[in-house]
Amino acid sequence: MYCANIKVKDAQQGKQPSYLSYFSPHPSSYGTVVVPTGPIPTHPMAVKNEIFIVICVIVGTIVIIGGNAELQRFDHPAKADGSLSILVVGDWGRKGKYNQSQVASQMGITGEKMDLDFIISTGDNFYPSGLTGEHDTAFEESFTKIYTAPSLQRLWYSVLGNHDYRGDALAQLSPILKQRDGKWFCLKSYILSTDIAEFFFIDTTPFQDKYFTDPGDKVYDWRGVLPREKYLTTILRDLESALGESHAKWKIVVGHHTIRSGGIHGDTQELVKRLLPILKASNVDMYINGHDHCLEHISSGDSPLQFFTSGGGSKAWRGNYSWSSNEKDQMKFYYDGQGFMTMRITQNEVGIDFYDIVGNILHKWSASKSLFSII
Ligand SMILES: *[C@@H]1O[C@H](CO)[C@@H](O)[C@H](O)[C@H]1NC(C)=O
Ligand SMILES: *[C@@H]1O[C@H](CO)[C@@H](O)[C@H](O)[C@H]1NC(C)=O
């Protein structure tokens with residue numbers, strides 16, 4: 001089943017295949033392998049068959065290893081002074097409309113002052129239905145031509161949202177997009193290690209039951225996700241073990257969907273049930289999401305966990321808000337309009353600011369940990 005996603009480069013008749021590039025929807029198998037190939041058989045069909053067998057062996061091995069493998073890990077070192085500056089935006093790709101361009105230009109100004117290391121996108125990258133394929137020009141119209149400020153030409157570590165799954169979900173993960181705009185980085189679930197913090201990016205869309213049980217007229221691209229339960233348990237198991245092994249001072253989990261929220265979508269019950277207990281047991285510091293088109297901060301009442309929503313990248317002002325004062329978790333801040341969130345992280349401190357589209361800081365939060373604490 002994974003063989004369907006393989007692209008063979010330079011394998012035309014009569015030309016020595018210099019390398020085989022594979023691309024699989026499985027979260028643990030992504031990259032480029034260099035495969036030394038033998039003498040070219042004379043019959044073109046034989047070339048094809050041989051390549052196909054080699055690929056299947058390689059991919060088969062990867063899939064088998066992938067069965068027990070950890071989430072794929074990437075490194076992004078902190079600045080020389082040991083700090084990190086990050087901007088977080090979500091729910092944005094609307095070809096500049098609904099204030100997307102205004103948010104982008106304020107991101108550029110704030111990003112310049114902060115000397116950003118990278119940007120996090122919490123998903124729903126392209127509206128209304130993701131990308132149609134690797135060559136969809138919405139990629140330029142909603143991304144490259146919108147986030148033009150020099151300060152934003154950093155890597156954008158992204159996850160997929162539910163709207164992205166309504167298009168060609170694999171297109172956003174394709175290396176071809178990276179060729180079209182080098183700052184783009186998107187996978188389903190992965191770990192980003194910096195020296196001081198570890199970010200665990202989680203593919204949350206497949207957790208929500210209603211996309212499967214009651215999709216209405218929406219069609220979701222579940223390639224690489226089915227069988228669903230195996231996919232979900234693998235993510236949770238890999239996340240739990242990666243969190244357990246992490247020595248990072250700050251542990252931050254990023255997903256598209258809310259866990260707790262006072263916005264129109266409210267809590268995502270499936271994540272409250274299955275993801276939240278892992279985050280609490282593993283001393284995760286923050287869960288960052290989009291999905292509700294607002295800016296929001298909720299403090300857990302029975303753990304150090306903080307919930308941050310940064311989903312104000314374009315269309316907002318939904319007008320629906322509900323949160324009971326009897327909740328054990330505390331609503332610290334809710335803004336129904338557009339904007340974004342910034343983070344500054346050092347060994348001992350993390351500082352969060354929420355910005356609106358004209359650069360006002362609407363809410364601030366910070367926390368510190370002593371130099372020697374291990375959690
Ligand atoms: C754009 O932002 C301004 C300022 O916050 C707001 O008044 C206006 O309603 C927004 N427009 C849209 C379409 O959201
Ligand atoms: C959102 O607000 C509108 C207008 O007040 C209301 O009709 C609708 O039922 C609300 N939706 C939810 C899910 O709360």
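Glycine too: its Cβ is placed from the backbone N, Cα and C atoms.
Under the heading Fe cation 1 binding site, TrEMBL lists D91, D124, Y127, H293. Just so you know, the Cβ of Y127 (Fe cation 1 binding site) picks up 24 other Cβ atoms within 10 Å once every protein chain is counted. In the three-state DSSP reading, Y127 (Fe cation 1 binding site) counts as coil.
Taken residue by residue with DSSP, H256 (Fe cation 2 binding site) is part of neither helix nor strand, so it is coil. The Cβ neighbour count for H256 (Fe cation 2 binding site), using a 10 Å radius and every protein chain shown, is 31. The annotation Fe cation 2 binding site is assigned in TrEMBL to D124, N162, H256, H291.
The feature domain 'Calcineurin-like phosphoesterase' is assigned by TrEMBL to 85-294.
As annotated by TrEMBL, transmembrane segment applies to 51-69.
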- Taking just the CA atoms, what is the gap between D91 (Fe cation 1 binding site) and H291 (Fe cation 2 binding site) in Å? 7
- About how far apart, in whole Å, are the alpha carbons (Cα) of Y127 (Fe cation 1 binding site) and N162 (Fe cation 2 binding site)? 10
- Query: If you measure H291 (Fe cation 2 binding site) to D124 (Fe cation 1 binding site) at Cα, how many Å is it?
  - Reply: 7
- Task: Count the Cβ atoms, other than its own, that fall within 10 Å of the Cβ of N162 (Fe cation 2 binding site), considering every protein chain shown.
- Result: 21
- Looking at Cβ-Cβ distances, which residues of the chain lie under 8 angstroms from D124 (Fe cation 1 binding site) while being 6 or more apart from it? G90, D91, W92, G93, G161, N162, H163, D164, H256, G290, H291, G311
- Item | Number of other Cβ atoms within 10 Å of the Cβ of H291 (Fe cation 2 binding site) across all protein chains | 27
